[in-house]
Amino acid sequence: MNYPNGKPYSKNKPLDGRKSSPFSSNIEYGGRGMTLEKDIEQSNTFYLKSGIAVIHKKPTPVQIVNVHYPKRSKAVINEAYFRTPSTTDYNGVYNGYYIDFEAKETKNKTSFPLNNIHAHQVEHMKNTYHQKGIVFLMIRFKSLDEVYLLPYSKFEKYWQRYINNIKKSITVEEIRKNGYHIPYQYQPRLNYLKAVDKLILDESEDRV
């Protein structure tokens, strides 16, 4: 069977030689050029409409520099700058749990550079984690088309290693070992809450 563009149909194959993740669906769709932010946005919309979770992207803080008032009842912003976010990208509620996470992409094939993370964001994640929030990083390796959930509890040691000038990145092998693979699928595109379910179970045992 051929598609309208003339290309033959073929079943999807695994991205690599890894065994199937317990969170995998039967179909892997891949990123297909979309950014991680768009994939998360689509997934969060699906969760909201399905009554599964309420998770939103936090607005980026803006510093207004110059405002013009052409009319007394109207203001026009002429100049403004995006400020460095003081917390993480996303937060919300899922099944009674507070969810808080940062999402990052990298073109690097072998590691995730930690200079992509700000110290005040890590401090926020630490404080939220100690209040029993579910805190993690979602990392996409663009060239590998792989997405992982890395819990804050696992990330913390790599951050300490970074600030102690021991190593400036987390290898993809370390992330695969300590994180949860999030496969692409149809709906939602990134069903990351299945990985969150596993994280909740694992951390409930660790925190006892």
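Cβ atoms are placed via backbone N, Cα and C, with glycine included.
Cβ neighbour count for GLU102 (Mg(2+) binding site) (all protein chains, 10 Å cutoff from its Cβ): 24. Annotated Mg(2+) binding site per Swiss-Prot: THR87, ASP89, GLU102, GLN121, in sequence order, evidence recorded as sequence analysis.
Sequence annotations record features per position, and here Swiss-Prot assigns region 'Disordered' to 1-28.
Around the Cβ of LYS104 (site 'Transition state stabilizer'), the number of neighbouring Cβ atoms within 10 Å comes to 16. According to DSSP, LYS104 (site 'Transition state stabilizer') is assigned to a strand segment. Marked as site 'Transition state stabilizer' by Swiss-Prot: LYS104.
Taking Cβ-Cβ distances under 8 Å and a sequence gap of 6 or more within the same chain, the neighbours of ASP89 (Mg(2+) binding site) are LYS57, LYS58, PHE101, GLU102, ALA103. Of the recorded residues, GLN121 (Mg(2+) binding site) and LYS104 (site 'Transition state stabilizer') place their C-alpha atoms 13 Å from one another.
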